[in-house]
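Taken straight from Swiss-Prot:
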- 158, 184, 195, 285, 408, 413: substrate binding site (BINDING)
- 195: active site, nucleophile (ACT_SITE)
C-alpha cells in the first residue's frame, strides 16, 4: 500500500450499504506489512450461493486451486483473504497452508472446509506462515460487522494506493436488491483471467449456476478488458456470493440464467464489475493517465480485441502517453504486430476526436498543436479503424511511467 495516492483516484467514494447475511472483519497479522490491516474475513449466512472465475495462468497459486475445488458445491460460509504473500509457487507447503487455513476458518464458522474460500496476494515463491494469522480467525468470524466494506478493501491492498469499492441497488421483480463489490490490483494486471482479487456480494436469491453464467459473461467486457502491464497474475480470483436474503422481502428466486427478470440485475452487476476494473486501471502502478483503446472495422470482435490489447500493452504506446506525445506511429506499429488481419492502406487513427491518420497516411488536416493539447488530459482515448470488417472492441489501460519501474524494482526490499 503506497502512501502516495494516485492522481486518478476517485474524488469521493460511494456509501456502501449493508448486505443482509454478510459480516466483515479485518486484522493486522503482520504477514508483510506493518501498522496496517492485511487479513480479511467475510462471513456468510448458511445457504449462500457462490460462483467464481480465476486466473488462466499455468502457475496458479495454492488458494486458487483450493477455491476451484470447493466451487463445485456452490455453497459458501467464509472467505479469508491475506495480503503480503501470494502463497504461489510454494509447493507442498502452500497446499498445507491452505488446508490449515481452511480448517481453522471452518471450525470458527461451524461449517465444512468445503464452504471456505481463500485468496492471497503479494510476493510469489515465499511460503505463507499460517501461524501469523490462523489464531485470529475465530475472533474475526465471531466479531464481524455488516458495514465494513471500505475496511475490507483496504485490508487486501498491496501496492494499491486507494481502496476500490462499488455498489448498485436495483429491482429484482418488485424488490430492491443490492450488489456490493471490492477489488485490489495495481500491477501484474492483464486480461485472460478473472481479475486481480475481487469479491462481490448480493442479497439476491440467485442460484449458483446462474451466478456463474452472470459472472463469466460480465467479466468479458470488464475485468478481461483491462491491462496495466500485460502480466497475468498467478492469484487472480473473482468470487460472487449471493445470500438470498432478499427473498424474505419478496424477491423471486432465480434458477434459470435466461429468466427475463434478471435484466436489471445483469446490467447492475456489469456496472459494478466495470467500476472496479477501471479503478484498478486508474491505480496502475505509477499511472498518471487512463487510456481507453477502441478498435473498429476489424474482421471480427475477437480480432478487434486482440488488436486493441496489442495497442494497450505496447510499452512504446504507453510511454508516449506518459510523455504526452501523440506518437500515432506507435499505434500503427502495434496494429501491425498484432498478428490479426489488417490493411495498411485502410487504417485510420484518432486520439480523442482528432483524426491523425487516414487510409494509410497522415491525415491532411492533422494539427500538432491541437493534438498536443489533447494529450495533456488525464483520460486519453485512442481509436483505430482497421477498415476491413465490422468487428469492434474496447479495452482500458494506463500510461507507463518511471514510477512503475521504481515500484517494481523495489517491491521485495
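Cβ atoms here come from the backbone N, Cα and C positions, even for glycine.
Quantities reported herein were computed from a predicted structural model and do not represent experimental measurements.
Recorded features from Swiss-Prot, shown on the structure.
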residue: 158; record: substrate binding site; Cβ within 10 Å: 24
residue: 184; record: substrate binding site; Cβ within 10 Å: 28
residue: 285; record: substrate binding site; Cβ within 10 Å: 26
residue: 408; record: substrate binding site; Cβ within 10 Å: 16
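DSSP assigns residue 184 (substrate binding site) to a strand in the three-state reduction. In this structure, residue 408 (substrate binding site) is part of a helix by DSSP.
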